Each structure stands twice: as structure tokens, then as C-alpha cells.
Amino acid sequence: MDTKAFKRSLHSSNQYHRKGFGHEAEVTEMLRFEYQSSLIQQIRENGNRFQRGEVTIQLAEAFGFCWGVERAVALAYETRQHFPTERIWITNEIIHNPSVNQNLREMQVEFIPVDEQGQKDFSVVAGEDVVILPAFGASVQEMQLLNDKGCKIMDTTCPWVSKVWNSVEKHKKGSYTSIIHGKYQHEETIATSSYAATYLIVLDLKEAEYVCNYILNGGDREEFLHKFRHAYSPDFDPDRDLVRVGIANQTTMLKGETEQIGKLFERTLMRKYGPDQINQHFLSFNTICDATQERQDAMFKLVEYPLDLMVVIGGFNSSNTTHLQEISIEREIPSYHIDSADRIGPGNRVEHKPLHRPLEIKENWLPEGPIVVGITSGASTPDKVVSDVLEKIFALKSTSPALIP
């Protein structure tokens, strides 16, 4: 499929929307009421440090809702305002935050059902319905299906994600295989790969090293295909399709690792084909999201403070939140990833998600005496959720009445 031509055609359709409908003032007030917090604003104005009783909070300099997330949520709210009686669907979670997605459900925005095989069932969508595409985007195939049905489409895809798609289009135009640094099952990576002619998804530097070793030294083709069996394009052949490669990434991956992977492939292809031929075999574009980078940079600064523990707040399926937790764990700071204040209590206990493990309960997680707690949150986490977590921590450590944010 000529994905570029399809996008041009879709974007010119009267049924397709990627801007608001004129309800900005009303929606802004709704979002302020539901997601902002005066306590968090107070802490920001105090240099991101705040003390109450025995608890000192050190907030990351950058955390929480990014511009792309705010835009997506606002467009979803505007869509409901503009189509008050129409049936509205969304192809996936608008963002990876349970409270925001629950609010959409309460606004009668329905999620496309998924069958036992994990496939979305679009048969429930009628031509007169409205369909929201989430911040992560949607695959070309999904957009084509919805367009063929004649649905009204509200596209809230983050512009940074669209930037990655444009890079992948350039790979395709130059007959380069797209090496995508990401998680093959993540909605954004699924959408990105749908724009590529040939692609291979690598999760981390270790997988990238395996691929680069294969490029230089060859190897067991069947072993390669089995190892990446969920992560490459149809008919992918490692002996044929790794001669010319371009680098792209899921925008929420660790910036440093994406850069390492890009440099590794560049060095590998330079060794194989020579410095004078590198432009014929390697293509790289900077597709790292500014907001992801800012939050990661802020986390690296935060872990330099003398902290007793770290609380990382965000959806458990949020890639950017997980990477923030990784930074804390690398510094050997006790770290607790929670998705809401409901995970704290009763008493001095917390239900949290350790890295790459299921939820578990930790008793007596807050130490006795004065403590300094580092706080950050993923790009899909509202300030109100962070504020609720802080109030729970203050309540556990102090008998003073909780401040109402």
C-alpha cells in the first residue's frame, strides 16, 4: 500500500479531524478541574521541594502530563462535546493512565472490544459512529478500515509519533529496512511498523548487538527468525534485509539506549562496507520525543539528591514510566511504581509493581523518622493523581490534617 498517498487522501476528507471543534474554553475548565492540583502548583513554585511534618518531597523538575498527552485528552473531550448524542469509540487507551481512561468510559466513550485471540473487533462500529484514534496512533490498516466504513475520525496522534512515521516513510522510499527500537506489542510500535515496507523491532541494546553480530559474522538464520518471531515484517530475511537499514524508535524508550543502538548499527555497517559507503547502508533520524527526554533528564538529576525512597507514578503499561523506574533502580534507590493513591494502605503498606515482575505488597515501606521522598510521574499521569499520592504519604507520616489540593 502507498501509505503516504493514503494519508494525504484521509487528511483531505471531511470525515477526518485532528483539530478541535471550538469548545476549547469549556474543555480547558473541565481538564483543570479533573486533572490539575493546587498542591502540585505550590510545590513547583517552591523549587520542587516541599516539607510537611517528617516528610520532605523532592519533585522531579519535569514530570507528568506532556503536551502531546494534554492535546490528545483535550481533543477526546472536545469530540464528546461536539458529538453529544453520537456513539463514540476509541481504538485503544487514549493514554496509559487508568483514571483518564475511566473518565472517558464515564463519558460514554466506548473501547473497541478485543476477541480471545487479542484481535480488535471493528464489526461493532457503524458508519455513522465517531472513532477516536489515541495519542499512540493507529495502524494504517485500522485507519483504512474506519475510513472505508465512512466513520467520522478524530485523530489525536501525538505529533512526535507522526514524526517517527515520516522517518519510516523515508526508509521505505530509499529501500532501507526500518530498525525500530521499541516493544513489538506496544500500540505505538504496531502503528509505526505499519508504515514500513520491511522492519525489525529490537527491544534493547542486547538484541541490537545480536543483530549486528549477525550482520558482521552471519549466523543461524532459523535461530534469528525464531528469536524475533513477533518482531519483523512478513517475509523478512536477515540475509537479505539487513544490508541497508534506517533507525527509528518508539518515542517513549530510553533516549540513551536509542542513541547507543543507532551508533552500534552505524559502526557495524561501517566495518562491513567501509566509511565511504556508509550513506548507502545506514540512515538515521532523531525521533526521540522531547518530553520523554526531558523527563528522563530530570530523573537523572532527581536521583542525585539524598533520597530515602522513590515513588514513580504512572500506568503499569506505560513504557515511559517504566523507564523512569529503571533509572532509580540503577542507583539502588528503593523504588515503588504505583498507578494511583489507592495502592497505598491500609496502614504502612503499598501495592507496587517491581520492574519486570507482577504486583506485590510491601509492608512498612515508609521508614520511621524524617524521610526524603523522590517523586516523579510518567507523561500520562495527571497532577491530581500525584497530589493524591502525596496526601496518602503525608497522612501515613503525620497526624496533622491532610491539605485538600
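Every residue, even glycine, has its Cβ placed from backbone N, Cα and C.
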Of CYS66, CYS212, which does Swiss-Prot put in the [4Fe-4S] cluster site with CYS158, CYS289?
CYS66
Please pick, from HIS96, HIS226, HIS230, HIS281, the residue that Swiss-Prot records in the dimethylallyl diphosphate site together with HIS186, SER318, SER319, ASN320, SER380.
HIS96
Nearest by Cα to SER319 (isopentenyl diphosphate binding site), of the recorded positions CYS158, GLU188, CYS289, is GLU188
Out of CYS66, CYS158, GLU188, THR251, CYS289, the recorded positions in the record, which is closest to ASN320 (isopentenyl diphosphate binding site) when you go by Cα distance?
THR251
Go through THR251, ASN320, SER380, the listed binding-site residues, and name the one with the sparsest Cβ surroundings, counting other Cβ atoms within 10 Å.
ASN320
What is the interatomic distance between the Cα atoms of THR251 ((2E)-4-hydroxy-3-methylbut-2-enyl diphosphate binding site) and CYS289 ([4Fe-4S] cluster binding site), given in whole Å?
5
Nearest of the recorded positions (HIS186, GLU188, SER380) to CYS158 ([4Fe-4S] cluster binding site) - Cα to Cα:
GLU188
Quick note, SER380 (isopentenyl diphosphate binding site) and CYS289 ([4Fe-4S] cluster binding site): C-alpha atoms separated, nearest Å, by 14
